[in-house]
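TrEMBL lists B:Asp80, B:Asp82, B:Asp84 with the feature Mg(2+) binding site. Among the features that TrEMBL reports, Zn(2+) binding site is placed at B:Cys81, B:Cys98, B:Cys105. Among the features that TrEMBL reports, domain 'Phosphoribosyl-AMP cyclohydrolase' is placed at B:33-107.
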Number of protein chains: 2
Amino acid sequence: MTETLSWLDQVRWNSDGLVPAIAQDAKTGRILMMAWMNREALETTAKLKQAVYFSRSRNKLWHKGETSHHVQNVQEIRLDCDEDVIVLMVEQIGGIACHTGRESCFYRVFNDGEWQVVEPVLKDPSEIY
Amino acid sequence: MTETLSWLDQVRWNSDGLVPAIAQDAKTGRILMMAWMNREALETTAKLKQAVYFSRSRNKLWHKGETSHHVQNVQEIRLDCDEDVIVLMVEQIGGIACHTGRESCFYRVFNDGEWQVVEPVLKDPSEIY
């Protein structure tokens, strides 16, 4: 690439070359998930206007929804004051961000000394993947 | 401590003993900031019902608002499906979460190949700290 990518240089990637990326539903405001991005993931996300993360377990780019078809259309990309965290405002296709078949990955609430599941499975994960 | 803290054991702390913690404004839904927590920070947050993070730069607990008085009253603590990210639903006292004097740390939006500041400074940081 010959163009100057100063906006990517401005991000403070950690020692593994990653930053956390938080996906928030643009309509409801729900925080759907947090995953990680490397430089290529962020650049691709901006280009496609769909969320592309970096899978640390599979050690490669992860186009969210590539198998489930629950892609995230990205309406806005934000950067924080320390330049080391990203927020994506997204339209969550299918209404399900979590691999458990729930809307959001944050379906457990701390209560009475334990993590309690407070949200339903909307679709059997075996039907998603 | 003699009691069993299984809810803290359930969190998948990273190799540095930390997890990311996202603070979301309970009223507006705005994502205010992301910081890090160690075990003691999360336990103290649950006990005080105020956000206590772990400062990686100062290497110690950081009771948010200890100098600015902009504390975060915690209404809810959530855990994600992978058990390695926390969301706090908070009441942000003073209406300012960011050390730059803005409501949220995510005040820059990617546009036309650059990060553009789209939110005002509500209070001079020198008056906060």
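Glycine is treated like the rest: Cβ placed from N, Cα and C.
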Please name the residue among the binding-site residues B:Asp80, B:Asp82, B:Asp84 whose C-beta has the most neighbouring C-beta atoms within 10 angstroms.
B:Asp80
For B:Cys105 (Zn(2+) binding site), the number of other Cβ atoms found within 10 Å of its own Cβ:
23
Whose Cβ, among the binding-site residues B:Cys81, B:Cys98, has more other Cβ atoms within 10 Å than any of the rest?
B:Cys98
Going by DSSP, give the three-state secondary structure for B:Cys81 (Zn(2+) binding site).
coil
From the binding-site residues B:Asp80, B:Cys81, B:Asp84, B:Cys98, B:Cys105, keep only those with a C-beta under 8 angstroms from any C-beta in chain A, and list them in sequence order.
B:Asp80, B:Cys81, B:Cys98, B:Cys105
Can you see whether DSSP assigns B:Cys98 (Zn(2+) binding site) to helix, strand or coil?
coil
